[in-house]
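What follows is a set of notes on a single structure, which appears directly below.
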Amino acid sequence: MKKLTIGLIGNPNSGKTTLFNQLTGARQRVGNWAGVTVERKEGQFATTDHQVTLVDLPGTYSLTTISSQTSLDEQIACHYILSGDADLLINVVDASNLERNLYLTLQLLELGIPCIVALNMLDIAEKQQVRIDVDALSTRLGCPVVPLVSTRGRGIEALKLAIDRHNANDNVELVHYAQPLLREAGFLADAMAQEMPLQQRRWLGLQMLEGDIYSRAYAGEAAQNLDTSLARLKDEMDDPALHIADARYQCIAAICDVVSNTLTAEPSRFTRAVDKIILNRFLGLPIFLFVMYLMFLLAINIGGALQPLFDAGSVAIFIHGIQWIGYTLHFPDWLTIFLAQGLGGGINTVLPLVPQIGMMYLFLSFLEDSGYMARAAFVMDRLMQALGLPGKSFVPLIVGFGCNVPSVMGARTLDAPRERLMTIMMAPFMSCGARLAIFAVFAAAFFGQNGALAVFSLYVLGIVMAVLTGLMLKHTIMRGEASPFVMELPVYHVPHIKSLIIQTWQRLKGFVLRAGKVIIIVSIFLSAFNSFSLSGKIVDNINDSALASVSRVITPVFKPIGVHEDNWQATVGLFTGAMAKEVVVGTLNTLYTAENIQDEAFNPADFHLGDELLGAVDDTWQSLKDTFSLSVLANPIEASKGDGEMATGAMGVMDQKFGSAAAAYSYLIFVLLYVPCISVMGAIARESSRGWMSFSILWGLNIAYSLATLFYQVTSFSQHPTYSLICILAVIVFNVVVLSLLRRARSRVDIELLATRKSVTSCCSGTAGNCH
């Protein structure tokens, strides 16, 4: 079979991702475009004659970029297409928005690269009574047009057949440009490198006349002739860019008049009716908060019901199983305990997180594919405008509920450097999936029936602190107004199950692999430090270990937030959590259960792997029945109650160490708000600078320590009023000083704002191949 590389390109919300998932299934690889942190997805699939590598290009409305302050999407798409890596392009077109989508189609066809138009979302078009003559559209465009409903898999085989058959587009003159434009485009094309096809050189000439700033990178000496061409055109037409766009739109209008009835089509009545409620100025925000609460409720309840299978199952295999092997093969006791506690305990920490994290990713994917996430940005627009940000900036913040890294990277879709930087500074406060793993454990141990409510309050607190951070920046070092907010609202539709599963699987796999490697390594590292004293001797009691001795010295720093000296394990969790937040659970699990593992005698004769696995399945089945019982459906928060049988395990030890729910909640506040994990720090440094990364870390530490101290000291004020009053006043005075210093620093910061993406804007300024 011949190998073929295909670029998949289309407007946002055209169903491109769904088609990508339909074609490639789970055979996907996710990376970054060279030099930038924009995600690059590749997948594999086969047709009758070809083994295809499919490259998913960023969603974009056109290939023209007129400002360096815009997003990188157009730049990356343009560079990849001109690089020559793609043998064929598949342009995904939304049939229900044909006229707008055809602008990008015309730009692609003008390049002369073999192209297939995938006419997607025909089911939505039919509901809106839009009729399209596919054969007539194919004739007018000069390339194959394949009708699709990607959510149902309709038309996939026809698309594969078109891939095998299509080698070149028909020689059709699509757009009739004014003669002066063609003359100057030809003049610029003649000055370019002759090894580039003439059609592409003329296209680049038109792009330069239109004001595209990145086409000049390919023009070579022709870029020096641009001013001459524009000067000649000035005598013949007012605005060359306007004439170019007008010619394309006239072509699109002529095509649509012949092939469709879009002028008489009806908009979706269902979408319009639902939007009257969802986008209501009074109901929109409460509905958004309810949707977020529902997500946490389902993640904790249903995910929690599935947890025994992963928890007890991993204990049976990776802890008791390792102990059985160690005793059977006569390993030294210290080695058996080390392997069971370090390696086995690390795996046992990761796997029980899978159900709840997986449920959250599934819910987020559903919201994204259904069309609700775009509405959430509009709902939050008024609030974001108060911060001097457009509502569009809330979209990457919502992504932060899954992971803060793509949230930080998503800020590059914003236009102004100030808006990008403010969004980056706010992103780490959005509670990610790794933090949910921590919250779920503490909710079960301390908050009983109010567990889901406690978790929801932490998520809301994260949003509030992100907003307050934005307000602080607006009134101190980043004053300014928001740019206008224009965003397309896709119609509502039921997400495709296969696409949901693939998206959830990709996210969950990334989380498990990333978290697993770190947690297992940290667990082994902690087990080693927990087994020896500072003098290097093996200890019988972990309280005499090197880890305990060092941690006790540091723990008094956290006394104001409710971490007492004997709870040194919690201090270790905060430090390891800086590597990855999910490691906090692994650290606490390893340290709180260390004594139990040392003290418990393991009898190999009593170990029966099959019985323990059957017990895990039985517990899971019982949990599922309880979760979906009538009593729980009537009172869903009941399903998140803590398990009293865990009193002798890690949760029981944790309960004793913290002493109260107030101390535990204060600890969670600190975990929510303090330093982001290493991967997020790296993303912040790449998207802005190391200086802004340092600012984000210091600001997060201050907010976390201040808020956790205020909460704990207020709730425990009656126990030590004098100490609490001193702590509260110290926090207030310190923050007043910090805000005063930030206001004075404004004049020095403003100059540096435009430089925050200096390395990014220049990353693709060379040859086309540099961006792939």
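Backbone N, Cα and C define each Cβ position, glycine as well.
Features of the protein shown, as given by Swiss-Prot:
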- Gly10, Asn11, Pro12, Asn13, Ser14, Gly15, Lys16, Thr17: GTP 1 binding site (BINDING)
- Asp56, Leu57, Pro58, Gly59: GTP 3 binding site (BINDING)
- Asn120, Met121, Leu122, Asp123, Val149, Ser150, Thr151: GTP binding site (BINDING)
- 3-169: domain 'FeoB-type G' (DOMAIN)
- 282-302: transmembrane segment (TRANSMEM)
- 309-329: transmembrane segment (TRANSMEM)
- 344-366: transmembrane segment (TRANSMEM)
- 383-403: transmembrane segment (TRANSMEM)
- 427-447: transmembrane segment (TRANSMEM)
- 453-473: transmembrane segment (TRANSMEM)
- 518-538: transmembrane segment (TRANSMEM)
- 664-684: transmembrane segment (TRANSMEM)
- 691-711: transmembrane segment (TRANSMEM)
- 722-742: transmembrane segment (TRANSMEM)
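In the three-state DSSP reading, Lys16 (GTP 1 binding site) counts as helix. In the three-state DSSP scheme, Asn120 (GTP binding site) falls into the strand class. In this chain, the transmembrane segment (453-473) lies in contact with the transmembrane segment (383-403); the count of Cβ pairs under 8 Å, excluding pairs fewer than 6 apart in sequence, is at least 3. Counting other CB atoms no more than 10 Å from each candidate's CB, the binding-site residues Leu57, Met121, Leu122, Val149 peak at Met121. Listed binding-site residues near Thr151 (GTP binding site): none (candidates Gly10, Asn13, Ser14, Gly59; Cα-Cα distance within 10 Å). Inclusion criterion for the binding-site residues Leu122, Asp123, Ser150: a C-alpha placed within 10 angstroms of the C-alpha of Gly10 (GTP 1 binding site); this criterion is met by none of them. For the binding-site residues shown (Asn13, Ser14, Thr17, Ser150), fewest C-beta neighbours within 10 angstroms: Asn13. Cα of Leu122 (GTP binding site) to Cα of Gly15 (GTP 1 binding site): a distance of 11 Å.
Annotated pair Leu57 (GTP 3 binding site) and Met121 (GTP binding site), C-alpha to C-alpha distance, rounded: 19 Å. Touching of the transmembrane segment (344-366) and the transmembrane segment (282-302) is concluded from the presence of at least three CB pairs under 8 A, sequence neighbours closer than 6 excluded.
Ranked by Cβ neighbours within 10 A across all protein chains shown, the binding-site residues Asp56, Asp123 are led by Asp56.
With all protein chains in the displayed structure included, the most crowded Cβ environment within 10 Å among the binding-site residues Asn11, Asn120, Thr151 is that of Asn120. Pro58 (GTP 3 binding site) sits 10 Å from Thr17 (GTP 1 binding site), taking the CA atoms of both as reference points. Within 10 Å of the C-beta atom of Gly15 (GTP 1 binding site) sit 27 other C-beta atoms, taking all shown protein chains into account.
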